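Now, the feature entries from TrEMBL:
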ACT_SITE  S109  active site, phosphoserine intermediate
BINDING   D59, H170, T172  Mg(2+) binding site
BINDING   D59, D339, H343, D380, H381, H456  Zn(2+) binding site
SIGNAL    1-15  signal peptide
Amino acid sequence: MKALFVLLLAQLCSASLVPEREKDPEYWRRQAQETLRNALRLQRLNQNVAKNLILFLGDGMGVSTVTAARILKGQLQHGQGEESLLEMDKFPFVALAKTYNTNAQVPDSAGTATAYLCGVKANEGTLGVSAGVTRDRCNTTKGQEVTSILRWAKEAGKAVGIVTTTRVTHATPSAAYAHSANRDWYSDGEMPPDALEGGCKDIARQLVENIPDIEVILGGGRKYMYPKNATDVEYPHEEKHRGTRLDGRNLVQAWKEAKPHGKVAEYVWRRRELLALNLSRVDFLLGESLHPRVPWHQLGALGGPPVLPGVLGQLQKGIKGCSAGKRRAMPGSAGGRIDHGHHEGKAKQALHEAVELDRAIGLATRLTSSQDTLSVVTADHSHVFTFGGYTPRGNPIFGLAPMQSDVDRKPFTSILYGNGPGYKIVAGERENVSAVDFAHADYQAQSAVPLRQETHGGEDVAVFARGPMAHLLHGVHEQNYIPHAMAYAACIGSNRGHCNAAPRPNTPLLLPVLGLLLLLLC
């Protein structure tokens, strides 16, 4: 009887949440007709040559994360949430990408990065190499290196950049420039003796040497650039932040010395230094914070300091510089920390990061033209993250389901994980979530299987596209197809036969965008 009462109450509450306009069938018919008219306009395909390419990569941003972030965005704007639109939702073309690695059904970030940046699928844990390379085996690497869309752009004389909220040597960005049998070989201090003896290079060294004319590099993890035990500029008394390099090299200095005479190369490690730069007078920019991950409290959406306007300001300056015809990389932003939040079972942090990514996508959309800029938003992989429980319309995305389990008679949150650190047994039973603060930013949502870290998911991820040749991203594709389609649109790389008769805009630009620019350097 009590269960029936709860169900009836939930139904009554749900009915009261329906907006009045949605009760009118004409509302839905008008909406559908407008959508139909917009779809018919897409028959006039944009086949221009892309002057700019922007790749937004939401690390771990699976389809369930996109949907939950959409609801969160709407609720942050005091709406019910479900009817909200993310900026990426407004992109006219959508595809699905199959994320498996050549040796893994459920992928890792290294193999997937090789796919969407280099156009070749690879084994898990390996970077910028073919599937002929075995993880940890340095002697399998030679001759198996594959190049990325970033290098294709440089070979075409374009300006390029990498921006990430993780360390710049992390798997996601490093496939753009590195070739490694192990994604964890950040410096030579992390490499085994046989790999060093075999002549394999660490990822930080490859960042400086492989493509020395990358115009913009922004991220974390500066300790991998300095000699072992070198004190950190920001935390000189903390041993864990000291340099890790065994070869004694200062790679920041090496980066500066490799630049052509007369070119201005700036290295920054503080936010204020970055914001003070006049980008029109800088030819090369390297920015490295200490921390490979930005502390969660610094995410503005979670109540930390309001740093985001600085991020968007830098993005705006970069895009305006590009539209003025300057040969520059385009600073941008995306979500490298969605993945970290999910791995820790902290859905609130993951979803707020996804919303921040979407704000940056919106700014880039407003400051560029779809006539000459191809923008692509995608993810490397998904997570075992879900939300359900027959929640009513407008239910807080981090709230409880309107029912109890019919097995253990305890409430549960709408958001759950298939596995992860949120598995908790109290007095021999599942934890009663009504006794904890499940709305807290550090709350770890309950999971079905106990693991110290939640795992990736194996389902396809969405690919959103807007601009020249965006229609090439449609249907279901292998993930490695993405850079080939983008290169075709910009007339870079090997497939350029169609470009001979096409008018080619001046100075096309490429930026694989992998993180929130300012959050790197707080």
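Cβ coordinates come from backbone N, Cα and C, glycine included.
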Field: Nearest-integer angstrom distance between the alpha carbons (Cα) of H170 (Mg(2+) binding site) and S109 (active site, phosphoserine intermediate)
entry: 9
Task: For H343 (Zn(2+) binding site), list the number of other Cβ atoms lying within 10 Å of its Cβ atom.
output: 19
- line: Spatial neighbours of D59 (Mg(2+) binding site) among the recorded positions S109, D339, H343, D380, using Cα within 10 Å, are S109, D339, D380
Query: How many whole Å apart are the CA atoms of H381 (Zn(2+) binding site) and S109 (active site, phosphoserine intermediate)?
result: 7
- prompt: Taking every protein chain shown into account, which of the recorded positions S109, T172 has the largest tally of Cβ atoms within 10 Å of its Cβ?
  reply: T172
Under 8 Å by Cβ from D380 (Zn(2+) binding site), same chain, sequence gap 6 or more: L57, D59, G60, T99, P107, S109, T112, A113, Y116, T172, V461
Message: If I restrict to non-local contacts, at least six residues apart, and a C-beta distance under 8 angstroms, what lies near D339 (Zn(2+) binding site) in its own chain?
response: D59, G60, S109, A350, H383
Message: Is it possible to get the count of other C-beta atoms within 10 angstroms of the C-beta of H456 (Zn(2+) binding site)?
response: 23
